[in-house]
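Chemist: Sharing a structure with you now.
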């Protein structure tokens with residue numbers, strides 16, 4: 001008999017009635033034969049890569065052409081092939097600027113803004129004072145700049161790398177948004193597409209794979225595009241897409257074996273969406289293990305979230321929480337029978353992680369994963385306790401707990417553990433206890449989730465979100481609560497940018513997962529993860545289904 005059928009039917013459960021999977025077993029059709037990368041494709045990619053490398057080498061560092069070339073390569077999603085060259089070039093560009101900044105009289109907004117964004121994107125602090133020359137005595141940007149659409153667009157993109165206290169960039173953001181929106185309908189199709197995409201989602205807060213997929217289409221329609229670069233970007237995307245399709249096929253088989261419909265019918269069926277989350281953090285060929293591990297973790301998190309949120313009773317959750325903290329097979333007998341399949345998946349996950357890390361001589365990393373897991377599962381029980389006792393906590397108390405339940409920190413630490421890079425104990429400790437970027441990323445994930453999901457959640461018995469907490473504590477309207485949540489998200493992005501620019505003792509590969517986890521939730525317009533039949537479905541189709549060579553792409 002189904003274990004769920006054996007559960008006491010007199011118990012009232014706050015079922016969420018989630019829709020069935022959009023994808024089902026679709027990706028099982030991507031067999032190893034269909035996703036095989038041919039020797040001809042590999043050879044052609046290497047030949048094109050060498051030609052693009054020559055373009056980079058032959059273009060002088062301190063030229064506008066070099067800035068545009070690097071920007072194009074990054075947008076097309078192929079910069080990972082040339083990381084070292086780009087790093088050195090941007091360093092040279094920054095050094096030259098610093099040496100001559102008092103003599104610098106560059107009045108080309110397009111160049112100044114692009115250079116600013118690329119330099120900050122490589123973690124060099126270039127002062128926002130470079131934009132002062134484009135303002136009047138009253139600190140407002142000159143209206144004559146509205147004739148330079150590309151300059152406005154570059155300035156708009158640059159503003160998203162601002163840190164606290166940069167009022168000139170706040171002014172620049174308001175100025176560029178106002179004018180880009182008003183002029184967009186009058187632009188030619190190619191420029192209109194760039195402006196529309198930027199206003200919808202700026203580069204800095206978008207995930208690299210989505211940027212690449214959409215920019216390939218935009219770049220193809222720019223008359224001055226470079227055919228060689230476009231061909232390279234398309235082939236590279238095609239090869240990575242095959243690899244991602246194969247991984248999705250393997251993970252779909254794993255998911256099918258878990259028997260979701262019988263063992264976890266109360267939970268969302270989101271395997272493909274979980275993989276999308278993983279690829280948003282790591283898309284490169286060297287990160288296959290990281291994507292697989294992270295996907296499995298997010299699947300476990302999703303089922304657990306629905307268990308605590310939409311099915312189990314408080315009395316069932318107390319022993320389950322204790323069992324997860326113990327992480328031992330002997331705890332199995334202490335939990336309800338219907339919870340045991342999920343607990344077994346949880347144990348298998350950690351066994352697999354430990355086995356793989358032991359091969360790498362990094363078994364001690366598992367300690368950090370288990371510490372974060374224990375914090376996470378206890379925070380879920382705290383939310384269940386609040387719900388049981390009809391407690392709406394103060395905003396700060398809510399955030400302390402809810403930024404753990406959102407699981408961002410656990411995902412982040414897992415990324416660092418399984419990515420394959422060496423990370424010192426000091427770096428782990430810094431990320432967990434001292435960084436701005438980790439708590440800021442968690443806060444963005446939590447508040448964005450509360451903004452887009454709380455109306456749906458309040459239709460059933462559910463714990464308070466930040467919105468309800470703020471309304472109660474400050475006797476505010478829901479609209480005022482939304483405004484405050486968005487203000488805190490904006491400030492959290494400034495914290496992320498601050499660490500990215502100033503935590504120079506920490507390698508970039510340590511910070512990028514936190515940045516990408518923030519980007520992932522930032523691109524969701526509604527509760528797309530839960531109700532993934534619209535925007536997220538279209539995005540997944542772009543990345544994993546549609547051919548990049550299709551005339552209807554994007």
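Residue numbering: from 1, along the chain as shown.
Even glycines carry a Cβ here, placed using N, Cα and C.
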Chemist: According to Swiss-Prot, which stretch among 295-299, 300-304, 305-309 corresponds to the feature motif 'DDXXD motif'?
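Modeler: From Swiss-Prot, the annotated motif 'DDXXD motif' range turns out to be 305-309.
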Chemist: List the same-chain residues at least 6 positions away in sequence whose Cβ sits under 8 Å from the Cβ of residue 449 (Mg(2+) 3 binding site), in sequence order, or say none.
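Modeler: When sequence neighbours closer than 6 are ignored, residue 449 (Mg(2+) 3 binding site) has 406, 521 within Cβ distance under 8 Å.
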Chemist: Could you tell me which of these binding-site residues, 305, 309, has the fewest other Cβ atoms within 10 Å of its Cβ?
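Modeler: Candidates: the binding-site residues 305, 309. Fewest Cβ atoms within 10 Å: 305.
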